[in-house]
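Below: the structure, in structure tokens.
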Amino acid sequence: MAIAMSRAIKRSNCFHESGEKNPCHISSNPYMIGFGITQLLFSQIPDFDQIWWLSIVAAVMSFTYSSIGLGLGVAKVADNGTIGGSFTGISIGTVTQAQKIWRSFQALGNIAFAYSFSIILIEIQDTVKSPPSEAKTMKKATLISTSVTTLFYMLCGCMGYAAFGDRSPGNLLTGFGFYNPYWLLDIANAAIVIHLVGAYQVYCQPLFAFVEKYAAEKWPENKLIAKDIKIPVPFFPPYNLNLFRLAWRSGFVILTTVISMLLPFFNDVVGILGAFGFWPLTVYFPIEMYTAQKKIEKWSSRWICLQMLSVACLIISVAAAAGSIAGVVLDLKVYRPFKTSY
């Protein structure tokens with residue numbers, strides 16, 4: 001997505017300079033490579049608790065671009081003088097019945113991905129100071145963040161659809177539903193790029209830590225894994241360079257960058273990630289842990305309700321995976337590797 005936003009800034013300026021007459025096709029590859037290089041640098045931050053400032057910057061950027069997108073949607077509805085779309089969604093004719101079904105399933109995957117933050121909750125909780133207890137703080141923080149996120153997502157989605165109806169692009173800020181004010185779009189897209197730089201690290205740091213902890217326990221005598229090299233940094237404490245961390249994290253970033261260049265289908269890929277990650281990590285395991293911790297008896301009313309919730313979310317995840325995979329299959333029919341331009 002960060003690549004799409006970087007490219008969108010360039011296209012927005014191109015549209016403005018050409019009076020919206022030039023299609024402004026731009027290759028994604030340079031932006032993907034640039035994003036990968038940025039992540040190579042940030043990935044060498046050793047611990048999760050050392051990127052707190054990056055997380056704050058990402059949160060501010062998220063609020064910025066969401067507010068701009070919402071404001072543009074409201075302004076467009078006011079300018080149109082009418083509300084576009086319908087309660088049943090995009091009309092048959094604009095898309096086929098099959099396309100509408102698959103896209104609806106894919107949208108479920110996108111929504112699921114937006115709420116798949118449970119994998120980093122424990123890492124965040126480890127950095128929280130007490131008193132009050134970490135669990136109490138995290139419960140309150142989760143409730144507030146989920147409520148605010150849901151409110152913004154619902155407002156942006158509804159106002160975007162109300163503004164453009166059946167012509168709504170997949171992404172309001174990169175699909176060029178809006179062309180002006182182009183400078184405001186540039187600010188919004190730049191905020192998304194900055195946000196996703198931080199989001200990449202927030203999601204990857206727990207994985208980095210898990211692999212490095214496993215390697216250290218498996219091969220405790222290996223100097224490549226266990227030894228840190230202190231590198232002096234002017235005005236800052238020395239940086240502890242670990243060769244295993246350098247090699248493993250760099251390899252991971254390079255691999256994900258190459259995959260993103262091979263499969264630049266943002267909505268479809270996000271839907272797949274959301275579908276595969278949502279049910280096991282956000283629903284199934286938390287429910288099972290809660291059931292075990294609270295010693296909830298099988299076939300009690302609470303146990304039945306929790307299992308019904310788990311099964312319902314599993315069905316949603318399967319449907320989302322099917323819709324997203326169908327979207328990727330359709331994209332691959334007209335796609336040429338490493339030759340993507342928009």
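All positions are counted from 1 along the displayed chain.
Cβ from N, Cα, C; glycine included.
Marked as domain 'Amino acid transporter transmembrane' by TrEMBL: 8-329.
Listed as Cβ neighbours of the transmembrane segment (51-72) (distance under 8 Å, sequence separation of 6 or more from its ends, same chain) are residues 42, 45, 127, 152, 155-156, 159-160, 163, 172-173, 178, 184-185, 187-189, 191-192, 194-199, 201-202, 205. Feature annotation from TrEMBL assigns transmembrane segment to 51-72 (among others).
Residues 89-90, 95, 138, 142, 146, 149, 153, 202-203, 206, 267-268, 270-275, 277-279, 281-282, 286, 316-317, 319-324, 326-327 of the same chain sit 6 or more residues outside the transmembrane segment (101-122) yet have a Cβ under 8 Å from a Cβ within it. Residues or ranges marked as transmembrane segment in TrEMBL: 101-122 (among others).
Residues or ranges marked as transmembrane segment in TrEMBL: 143-162 (among others).
Summarising the annotation, TrEMBL assigns transmembrane segment to 182-203 (among others).
Using a Cβ-Cβ cut-off under 8 Å and counting only residues 6 or more beyond its ends in the same chain, the transmembrane segment (246-263) has close neighbours at 3, 28-29, 32-33, 35-36, 39-40, 43-44, 204, 207-208, 211-212, 215, 269, 328, 337-338, 340. According to TrEMBL, the transmembrane segment annotation covers 246-263 (among others).
The feature transmembrane segment is assigned by TrEMBL to 269-287 (among others). Through the fold, the transmembrane segment (269-287) approaches residues 1, 105-119, 263, 306-307, 309-310, 313-314, 316-318, 320-321, 323-325, 327-328 of its own chain, all at least 6 residues removed from its boundaries and within a Cβ separation under 8 Å.
Taken from TrEMBL, the feature transmembrane segment applies to 308-330 (among others). Within the same chain, residues 101-109, 112, 263, 265, 267-272, 274-276, 278-279, 282-284, 287 sit at least 6 positions outside the transmembrane segment (308-330) and bring their C-beta atoms closer than 8 Å to a C-beta of that stretch.
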